[in-house]
Structure formats: structure tokens, C-alpha cells
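Copied over from TrEMBL:
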REGION    1-42  region 'Disordered'
COMPBIAS  16-25  compositional bias 'Pro residues'
DOMAIN    53-111  domain 'Amino acid permease N-terminal'
REGION    106-139  region 'Disordered'
DOMAIN    154-653  domain 'Amino acid permease/ SLC12A'
TRANSMEM  155-175  transmembrane segment
TRANSMEM  181-207  transmembrane segment
TRANSMEM  228-252  transmembrane segment
TRANSMEM  272-291  transmembrane segment
TRANSMEM  298-319  transmembrane segment
TRANSMEM  349-371  transmembrane segment
TRANSMEM  383-403  transmembrane segment
TRANSMEM  460-483  transmembrane segment
TRANSMEM  516-536  transmembrane segment
TRANSMEM  542-560  transmembrane segment
TRANSMEM  572-591  transmembrane segment
TRANSMEM  597-612  transmembrane segment
DOMAIN    662-766  domain 'SLC12A transporter C-terminal'
DOMAIN    776-989  domain 'SLC12A transporter C-terminal'
Amino acid sequence: MVGPPAPGQALRVPVSPRPDLPPLLRPSLGRRGTDAATGSLHSGGHHHHYYYDTHTNTYYLRTFGHNTMDAVPRIDYYRHTAADLGEKLIRPSLAELHDELDKVSAQCVPPGTPHPSLGRPRAGRSRPRTPPGEATASYTPDSKGVVKFGWIKGVLVRCMLNIWGVMLFIRLSWIVGQAGIGLSVVVIGMATVVTTITGLSTSAIATNGFVRGGGAYYLISRSLGPEFGGAIGLIFAFANAVAVAMYVVGFAETVVELLKENGALMVDEMNDIRIIGAITVVILLGISVAGMEWESKIVLLVILILAIGDFVIGTFIPLDSKKPKGFFGYKAEIFMENFGPDFRHEETFFSVFAIFFPAATGILAGANISGDLADPQSAIPKGTLLAILITTLVYVGIAVSVGSCVVRDATGNVNDTIVTELMNCTAAACKLNYDFSSCQTECPYGLMNNFQVMSMVSGFAPLISAGIFSATLSSALASLVSAPKIFQALCKDNIYPGFQMFAKGYGKNNEPLRGYLLTFLIALGFILIAELNVIAPIISNFFLASYALINFSVFHASLAKSPGWRPAFKYYNMWISLLGAILCCIVMFVINWWAALLTYVIVLGLYIYVTYKKPDVNWGSSTQALTYLNALQHSIRLSGVEDHVKNFRPQCLIMTGVPSARPALLHLVHAFTKNVGLMICGHVHMGPRRQAMKELSADLAKYQRWLIKNKMKAFYAPVHAEDLRDGGQYLMQAAGLGRMRPNTLVVGFKKNWRQTKCLTSILSYFFFPDSKSQSSPLNLTDQRLLDASTQFQKKQGKSNIDVWWLFDDGGLTLLIPYLLTTKKKWKDCRIRVFIGGKINRIDHDRRAMATLLSKFRIDFSDIMVLGDINTKPKKENIAAFEEMIEPFRLHEDDKEQEVADKMKEDEPWRITDNELELYKTKTYRQIRLNELLQEHSSTANIIVMSLPVARKGAVSSALYMAWLEALSKDLPPILLVRGNHQSVLTFYS
């Protein structure tokens, strides 16, 4: 048996020294040999030293200095065909090591031909080699001018810019007023828990192999498969496109407010938002298309940090002019008063949480441009998790600071100072000599009423406005870049063929200009609406759906126990990831229940569409791994369960050869095994073993794909054997796994069997008498199944399935027709049952059979008892039978004894006169049954009939084949069935 070399050993073949090789490649046979460790070649006798570059010349690097093709481990063998990280080489196959080395050692390679281990193509090779120089030229793109980002600029800065949005400046103070300092920290903490778990999951997936462009889509699709990936990729790209509009409208509203304060409105507020928003998105589009380097400037982050610093400095400078507006500096009284919640205007903890949570989204901003990162595996974990930590600390710090400095309600009136102590005033402002009770809950200032608290507290208010501009524009830019990149990656995978035109990229960075234009148009459309209050929660739900699936991807991959799941990032846990997925789903409903339901419907719809279309991709997803694991576990569990008659189902081994060669046979068996039992298409390869094994390995994938393409729920099982008989026995013994093994053999009837010179081959083709399988009934079908190859693919209509249940074989002859009628194409057919009986007991036999069928709960349209089966057939039919078997008769009575014995020994398949006389009654029965079949079942769609059994060793092959020919002649498709006489039907519950 040929197998791989033992671990740590190399297969070596001596090769004669080659004088024609240049000194660099000439092997040394001197006393010193080759020093593989230092990379120098010492030529014995001349003491010359030759050095070579181990990166370009792989000859000695791969072979330890020995003249063999066997290769040492090298990264270039593991690259994808079109890898953009370096050259792609193909290692020698095991067949080449076993077979081709003899040719290499025996033949002298012509001068100037490089050694095969260099990877160049050579004559006789089954697949091309690629030399290092050519591989680099073919697969390594020109890296000049390509912009690649590190973890700080590419991930950390982007995530911080995206997380710090408008909420930080104009909503956080209001949240503190409603929920209080304590619950505000809880709100921030809850959002952080969700984003941190998602960040850990993102880091785990991103470090489990090379990450290309596409961000969340790439991570989810390569982990869960194209179904979930395609669904999330489309809605995530759309959500990013609409998010551009949301951020731009936020920016435009702030500008319009400034214009309004200065009385400089152009038309009116709504139209001014549209005008400013449209101009802004055009400028942002230009910046994005101009280059990633422009879009990733740290200037925006610097402005944000300065704005935050401006606020922090302002908290330490309480001015008397700001006290009427509620700002008193850090005071314990204010901290204590603002620590607890004071929900107003029907606000609740969850409604406040729903308003804040969109401020925490944006953690995938770095992962979304994973294709533009220099080292995504390192950058995504470090940048994402650090951004979450920094932004969370800032959110908490600002929440505590603003809650300790500003009261909930203030009038803004400098005359509301307290001159004398008020007995009924217990508010913190009263203790600070201000009475704001006059306005109660309708005050214009304070945490609850003024969204511009941070501007009021800050040392320099315009810097806060700059921070708002920076936050909105940076988030809009990040989304404007992310959406086309995700959409381009989705289109490149051809998940949705209609979007293929958007896969094209331009320039050195492969920029998706068409995607930019589409994103621009979507954003512009929503900007012109200028009302995003309904759209915003849907966007948040789309982001959360992505987070949920990223978390679920990690759980799923860990659960599948795939050997390929080896993340370099170790700080994750499958159960925590599952908790994160559940939390994301809960948060979706907390934010907006109807938007969550809408998101689920869209994801489910896209999932069903991609599942139905079955894109031709194979990414080694965890779904495949878990499917295998489940199949393995259930197969093992099933092996421990004893067979029961109620659970019997036909598990068919069909001797089809090439599946496409016998379509009628295939479709007929598939009709009663689909979603019910196992179907295996057996193919016996004969001939020289070496050639047959090559064909076998190629055919296995080819014909399994053919079955899947033609929606056949079946397996293809090829085997090599010396002859068909052995091959069939091999398949019956080895096909299947555990309880999933064939119990029914199906073969097609050979119409031209009479043209075969040696009938022992026919016996091998049809019958396997030495099989030890206890549950292998034999099924034969008529050649008409092959002639009318499409007749079982169409709807059968209101016709008959005639069951000639002549012998009780355990019920298989009756079970198969019943299974046919349960299928859509056969459901209108009626079952008619024909049985043998005596003329004087026809009514009794009919009632007995009707009772049995009713107990079996099998519907039938009619029962016919045949009392004339044993009637002698017509003379012309007997004569036709005798004419058919004449070429196969031995006629030993007309020959000398020695000649007859010699012929019987050499040709055991011939029919002897004694045999013909001995089985005369059985022969007449087959001829008579054909007459009855033509009389009663000539219009049936299919006939299912008990297969006659021949006594082993007593009936010759030719006589048995003649019986089958006589029985099935000039009839509709006929299925001859013989069970193993063990019950497959029961009427017990």
C-alpha cells in the first residue's frame, strides 16, 4: 500500500552528478559535502565556495542539499492562487514523488533545464509549475502608491471619530438630567458591555486568518457562510449609506441654528437643511474620492479632543454670569441632587438608553476598511478595543462632570438670587443662593431643558460648535467610505448577480467609484427628505443585527470545533459571545420593537433568497463545520439504535455507473427515496488500476456536483474492481456509514443481453449471489426506463400504479408504490393490487387482502384476484420463448457424453435439456404472467411486481435472463422487486 512518508522523513532518490549544471546548482560529491545550514556549497578538491540566496533559489532550501523533489515547509505553498501577499508555488504531489522521480533519475535532463524543485513546468507534469520570478510578477501587485494604514490611524482614530458623535455634545447632558448620574453611568456601561463583547468577537474573527476588504460583511460571510454574510452585507452597506445622510443632516441642522441666531436664513429652516446638506455631501464625496489619505487626517480628532478639553477646563471656571443658567462648578449638593433619576415627559430608563445607544455604535469603522490596513490581524483588536476604552471613559467622565456642575432646571434670570433664606426651598440651587422654582419644569436652561449645556459650560463656546462639526463630518466621512467598500466586497463575491457592475475598482487603491456614486445618491435622497427620525432607529437596528451576527459567528465557530478555527486573539469566550448576541437582539427591541421586527424580516428574506440561489462559493464557514459535526454525532447516535419495522425505509444502492447515463432509473428511485431514505449511485471502474484510480478521484467530485446541480438527494460512490461482480460486492459491503447503509440494490435491465457472448458477465451484472448482506433485496427495471429518460421527471397524472404482489416478501413490493404516491408528481396515481388465488375463493381472497391493506393504512383503488395464473400460455408465446433461448441451449442429448460434459464445464451458463424440463412449469408461469400483464396493466404508468427467484446453482444464467425477458416483454416500465422476507410493514402502533 502506497502511503505518505513517515513524519520527519524525506523520500530521497539518488541522481547522478550533472556536469552540465552551473556551479551554483551543481551538487558536490566531495569530502565536505553541502552545508545546508550556512547556505554555502563546498566543492571537494577545488575548495571553491558558492553562496546562494535562500529567498530566490529554492533548490537546496527545499531539499536539504539532497537531489530530490520533496519540498520543505514554505509559506508560498499555502497562499491562494491569486494571493497579493507574495508568490504562489505548488508543491510536488505525492503521485509525482512516487511515480515521476523514476523518470527524472533515469533520464538525463537536457542542458539548461532547471531542476523541478525550482517550481518550473516540465514535460509530463500534470499541473503547471510557477518559477519564483514569474510568480512574483503574476501575483504581486505594484505596491507603489498604495495607501495602507496602521492600527492608530486606520482603526483607533476612525473608531473614536465614529463613536464620538453628536450625542456627546448635545444629548449626553440631557440623558444625565433624565436618568441621573448613577443610571447614566449604568446606561453607558450597558452600551459598553455590548460593544466590548462585540469588539472581542471581532478581534477573534479578524485574527483567524488574513482579512480582506469588506469589514463586517467579510467577517460574517467567511465565518457563517454566504447566506448570513450576503444578508448582512447588503443591509450594512445600505445602513452606512443612510448614516451618511443622518450625520450630514445633523451637521446641517447645527449650521442652520447658527444662521437662525444671526438672522441669516436663506429660504426657511427645512430647505436650508436640504441646501447645506446637499452641498456638504458633494464636498465629502470629493474628499473621499480624492484619496483615503485625505479622509483619514487626524485634524478632526484633534478638534474633537480640543472641544472635550475646552469643556473640562470650563467646568473648573464657574463664572457668575453662568450661574443663572444653572452652572455653579463642582458642588457636592448638585452631585447628590443629580445622582438619582428624574424622568419627565414619559421618558423611561429604556427610552433614554435607546437614545444613547447609537452614540456607542461605530466600533466597526476600522474593520470596515480592513482591506486598506497594513496588518488587519494586529490593527483591528488593538485599535477597536482601545477606542472602546477611551470613548467609554470620556463618556463617563463627562456625564459625572456635567452632573456635578449643572442643576436640572434654571431660569437664566440674574434676578432669581436669594437674599433671605427660604424655608420651603430644598433644591441644590437654593443652597447656592438661587431660587429657580418660579419656572418649575418649563425652565429654558439646565440639564433637562438646554441641549447646549456643554457650550454654556465650556471655556470657549465656538470650539464646542467646531467639535460638533468635526464629530458629524468625521462620522459622515467614515460611513461614506465604508459603504462602497462593503458593497464592492459583496459584489466581488457575486452573491447578488444583479449588482456585479459595482465590483469594479479604479486606480491604485482599487477604489469603488461606482459604489461611491451609489452611496452618494442614496445619501442625497435621504438628505432631501430632511426627516430621519423614523429612519434612525432602523439604522441602529441594522448595526445591531451585524453586531449580533458577529458575536454569533464566534460562538458558532467555537461550537463547531473546526480545526481551522485558531484565532491569534485568545481573549474571547464562546459563551460570552453568545451572551453578546442575545444582548444585541434585546437592545434592538428596546430601541424600537417594530424596527427590530423589520430588520429580522429583511435579514430572513435575504437569507432565504441567497439560500435558494445557492451561490457557487466555498469559504469553509463554521456552518459547514457544524453541519459535519451534527451529522457525525447523529450518525454515531443512530448506530446505537436497533432497527424497527416502523422506521424501515428503503436505502438504495443503484448500479448506475455514470449517474447521467441512466436518468430514468435515477429519477424513479429518487421519487421514492427523496427526503425518506438513502440513495447511493454506485459506479464500478474496471481496467488498469493506475488509470482507474485517477478517473475515480476526478469523477467523485464531478458527478457529486452533477447530482447536486440536478437536485438529486443522493451520493456518488465509485469503486475500482477487476470485474463488475467484485465491484458490486465491494459497494454493498463498504458503501454507507453506520445505520446509513444501503439495504436495497437497484440495477437496470440489460436489453441487449442476448448479444453477450459469455453470460457469466450478465450474471455478474445483475445478481450477486455471494453477498452476505441480510437486507439487500434485488430490484430490476426494464430498459424502457432508459429509452424514455424523462418520463419520471414529469407529473404522472391520474393513472394507475399496478402492484402484482404475487409472493409475500415482507412488504417491500407494496411499500415502494405507497412511497411513490406520497410524492407530488405521483400523488394523483391510484394503486391497484393484483394477487394470485383460486377460482373458487376469489371473493374470500379479495376481502382478506382488503383487510390487510386497511390495517396497513394503504389506500387502493381496486384489488384483483387472478385465478388463472397456472393456465398454460398460448402456443405462439411458448414458441417465441423457445426461439429466444435456442442460441443458449446445450442440447447435450444430441452430443456425445464427453463433448457435452466439456461444454457444460466451459460454458456453465448454457441451458441443459434436463434443466429446461425440470423448470418447465416455472417457465410457463413467466410466459403466462406476461399475457396477464398485457391484458390488465398495459395502460399503467408503472408496474411493480414480485421478482422470480432462481435456485442458486440449479438455474443457469441464460434461463434466468430468459424468464425476466419473457416476463417483462412489451409492457410499460416494470419494477421487479424482491424483499429479503423480513417485514417492512406493520399494523401495530
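Note that Cβ sites are derived from N, Cα and C of the backbone, with glycine treated the same way.
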Could you tell me what the rest of the chain brings near the transmembrane segment (383-403), counting residues at least six beyond its ends with Cβ under 8 Å?
151-152, 154-156, 158-160, 163-164, 168, 172-173, 175-176, 180-181, 184-185, 188, 192, 195-196, 199-200, 202-203, 308, 311-312, 315, 330, 334-335, 338-339, 359-360, 363-364, 366-367, 447, 453-454, 457
Sequence gap of 6 or more, Cβ distance under 8 Å, 3 or more pairs: do the transmembrane segment (542-560) and the transmembrane segment (181-207) meet that?
yes
How many helix, strand and coil residues does the domain 'SLC12A transporter C-terminal' (662-766) contain under DSSP?
53 helix, 20 strand, 32 coil
Over the domain 'SLC12A transporter C-terminal' (776-989) the mean pLDDT stands at 84
Which one, 155-175, 181-207, 272-291, 349-371, 460-483, has the most C-beta pairs under 8 Å toward the transmembrane segment (298-319)?
460-483
Before we move on, state whether the transmembrane segment (155-175) and the transmembrane segment (272-291) share at least 3 Cβ pairs under 8 Å, counting only pairs 6 or more apart in sequence.
no
Spell out yes or no: are there three or more C-beta pairs under 8 angstroms between the transmembrane segment (349-371) and the transmembrane segment (272-291), with each pair 6 or more apart in sequence?
no
Who are the long-range neighbours of the transmembrane segment (181-207) in its own chain, taking Cβ under 8 Å and residues 6 or more past its ends?
172, 175, 219, 222-223, 335, 338-341, 349, 352-353, 356-357, 359-361, 363-364, 367, 370, 376-377, 380-381, 384-385, 388, 392, 395-396, 399-400, 403-404, 547, 550-551, 553-554, 557, 567-569, 571-572, 576-577, 579-580, 583-584, 587
Excluding the flanking five residues on each side, which residues at least 6 beyond the ends of the transmembrane segment (272-291) place their CB within less than 8 Å of a CB in that stretch?
147, 244-245, 248-249, 251-253, 255-256, 259, 265-266, 473, 476-477, 480-481, 509, 511, 513, 516, 520, 523-524, 527-528, 530
Let me spell it out: take the transmembrane segment (572-591), skip the flanking residues so only those 6+ beyond its ends count, and list any with a Cβ under 8 Å from a Cβ in it.
193-194, 197-198, 200-201, 203-204, 350, 353-354, 357, 537, 540-541, 544-545, 547-549, 551-552, 554-555, 558-559, 599
